[in-house]
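Novice: The structure under discussion is supplied below as structure tokens; questions concerning it will follow.
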Amino acid sequence: MSSSQESTFTSASAAAQVNASALDLLPVYAKELIAGGAAGAFAKTAVAPLERVKILLQTRTEGFQSLGILQSLRKLWQYEGIRGFYKGNGASVLRIVPYAALHYMTYEQYRCWILNNSASSIGTGPVVDLLAGSAAGGTAVLCTYPLDLARTKLAYQVSNVGQTGNALGNSGQQQTYNGIKDVFKTVYKEGGARSLYRGVGPTLIGILPYAGLKFYIYEDLKSQVPDDYKDSVILKLSCGALAGLFGQTLTYPLDVVRRQMQVQSKQSQNSSDGFRIRGTFQGLLLIIRCQGWRQLFAGLSLNYVKVVPSVAIGFTTYDMMKALLGVPPRERVHASGGNK
């Protein structure tokens, strides 16, 4: 029996060594992709109910226009049950995994490139994080935007479960979608591949400063922390949360324009009521004129509630996954150059 236990232990040890050696063979950028994807999935799922309510408020969905956060959550529970909290989350996670993976990985890559090629002219301070974060945000958005469009259209639908009649929040003209694939097929039929990127303008205009500011503020705040507390998870989370809150406040109106552009159907664009968003700045002015300036900040308080845990979970998971996968410290990566 002893020999059997020893054999089992030896086999387990050998398997662990094989797994460890396999991880060692992965390039650093692949490990950063894995860590970033895991961070995005955990963070997005944790705040999915709040994200659903935020979209309903941003798009002025009928029945939710005058409700607060708790009232909206209760209404979703009443008509759709717990599944209503996560409607569109499949598309959201499907988008956020490649988005977060690309965002974190390209941020590290852009940062390394800037330091290796432009450090003499722009220095090595937080401005590097501003530039790298902005470039990474734009790259990730362009690669994953159709999935964000699908997520928004699915979350915009509110079903009146168990009752007849139109779905809550959707007029008779609104298209009903049965999943991510159905969204892609329907939107593509409406206007081709270009329709899959409806609203990408305000998204890019918003993400470039937001992503840059988030990394800039996060790294700048971390640099102010005394050396004895540099490894404190709580302080890292606090820095990340503050960075996220500040960046969100500055760029939130652009997010509202993006959401309203995304839920516009071909029918609504051809309507005679005059409300049709054609571009970012025209959309800002149109919303102010027709819906009031407060609509540009609809759901912002909810976003504050959402951003704090989302950023906290995202940064924490990313750091934990990097440690688990054996990603070397940033300074070592830059020094070696070739690892990247």
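Backbone N, Cα and C atoms are what each Cβ position is placed from, and that goes for glycine too.
I grabbed these lines from Swiss-Prot:
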REPEAT    27-113  repeat 'Solcar 1'
REPEAT    124-224  repeat 'Solcar 2'
REPEAT    231-324  repeat 'Solcar 3'
TRANSMEM  22-42  transmembrane segment
TRANSMEM  85-105  transmembrane segment
TRANSMEM  130-147  transmembrane segment
TRANSMEM  199-219  transmembrane segment
TRANSMEM  237-257  transmembrane segment
TRANSMEM  297-317  transmembrane segment
Novice: Short question: which residues 6 or more past the ends of the transmembrane segment (85-105) have a Cβ under 8 Å from it?
Specialist: 29, 32-37, 39-41, 43-45, 48-49, 51-52, 55, 73, 76-77, 136-137, 139-141, 143-144, 147-148, 150-155, 157, 180, 183, 211, 314, 318
Novice: If we skip the immediate neighbours and take only residues 6+ beyond the ends of the transmembrane segment (237-257), which ones have a Cβ under 8 Å from one of its Cβ atoms?
Specialist: 58, 199, 202-203, 205-207, 209-211, 213-218, 221-222, 225, 277, 280, 283-284, 287, 295-300, 303-304, 307-308, 310-312, 314-316
Novice: Tally the residues of the repeat 'Solcar 3' (231-324) by DSSP class, grouping H, G and I as helix, E and B as strand, and everything else as coil.
Specialist: 76 helix, 0 strand, 18 coil
Novice: Using a Cβ distance cut-off of under 8 Å, indicate which of 22-42, 199-219, 297-317 has the most pairs with the transmembrane segment (130-147).
Specialist: 199-219
Novice: In the same chain, which residue numbers or ranges, 6 or more beyond the ends of the transmembrane segment (22-42), come under 8 angstroms Cβ to Cβ?
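Specialist: Residues 93, 96-105, 108-109, 313-318, 321-322, 325-328, 333, 339-340 contact the transmembrane segment (22-42) from elsewhere in the chain.
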Novice: Average pLDDT across the repeat 'Solcar 2' (124-224)?
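Specialist: Taking every residue of the repeat 'Solcar 2' (124-224) together, the mean pLDDT is 79.
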Novice: Residues sitting near the transmembrane segment (297-317): Cβ under 8 Å, six or more positions beyond its termini, same chain?
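Specialist: Tertiary neighbours of the transmembrane segment (297-317) are 35, 38-40, 42-44, 46-47, 50-51, 53-55, 57-58, 60, 69, 100, 214, 218, 233, 236-237, 240-241, 243-245, 248-249, 252-253, 256.
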